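Reviewing the structure listed below.
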Amino acid sequence: MSESSEKTSTTHFGFRQVAAKDKKTLVAEVFTSVSRRYDLMNDLMSLGIHRAWKRYFVATAQVKSGDRVLDLAGGTGDIAMLLKNRVGAEGSIVLGDINASMLSVGRDRLIDRGVVARLDYVQCNAEALPFQDKCFDLVTMSFGLRNVTDKDAALREMFRVLKVGGQARVLEFSAVTAEWFKPIYDFHSFQVLPRLGRLFARDAASYRYLAESIRKHPPQEELQAMMGSAGFERCGYRNLTGGIVAIHSGYKY
């Protein structure tokens, strides 16, 4: 079932129920708050492992030199930088993010590192992408889908803009599979992480939301089914680090 406001009047913002029309604003406030410390946030949430996850996410993507790639929820540009190495000088990347602060951080970082050619920045909502049909060889989203109000709409849009034969990939925090690890993970998420957020970023509330948003995100099998419903074929996922994150893939034929 779609999470759109047309079908339900409320949705979740972490563990809170809020008006669906308000979620984008609330999420925007979180990411505006953490944008300058976004890598710190990911380091705290993953104990630094997110860098290895992202490298593997890009290394195993179906992408080649000369391809055109859309990286949604592109944040501070780390996925785009890794992708640029895959598509080469003839390839192009569009870094899309709904949050202007995140987009600005990503642009500044990539310019500072000399990554400027054939790289565009677009502020856009994943639920209604401003691109033509069938115009990207690969569409990626890393640690962004759980913050989208209408995930079904975002997946349909990813499918729409993907070329026939192309691949969509989602890297997202998921459902831990090891029973023994769940209480440890919960303690880190709900007791340690907000305190670290208060200590290092002076923002415990945003970090608490981010931990809660992981628990409200669809588990692996459910997200796989959602991708199938959006039109993707050969949908599958690979758990990393005991299911703390999962990489979901789907193809358009």
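Here the Cβ of each residue, glycine as well, is placed from N, Cα and C on the backbone.
Features reported for this protein in Swiss-Prot:
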BINDING   Thr76, Asp97, Asn125, Ala126, Ser142  S-adenosyl-L-methionine binding site
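Annotated features, which come from Swiss-Prot, shown on the structure.
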| residue | record | DSSP (3 states) |
| --- | --- | --- |
| Thr76 | S-adenosyl-L-methionine binding site | coil |
| Asp97 | S-adenosyl-L-methionine binding site | strand |
| Asn125 | S-adenosyl-L-methionine binding site | coil |
| Ser142 | S-adenosyl-L-methionine binding site | strand |
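Cβ packing within 10 Å was compared across the binding-site residues Thr76, Asn125, Ser142, and the lowest neighbour count falls to Asn125. Taking Cβ-Cβ distances under 8 Å and a sequence gap of 6 or more within the same chain, the neighbours of Asp97 (S-adenosyl-L-methionine binding site) are Leu72, Ala73, Gly74, Gly75, Leu103, Gly106, Gln123, Cys124. Other Cβ atoms within 10 Å of the Cβ of Ala126 (S-adenosyl-L-methionine binding site), summed over all protein chains shown, number 25.
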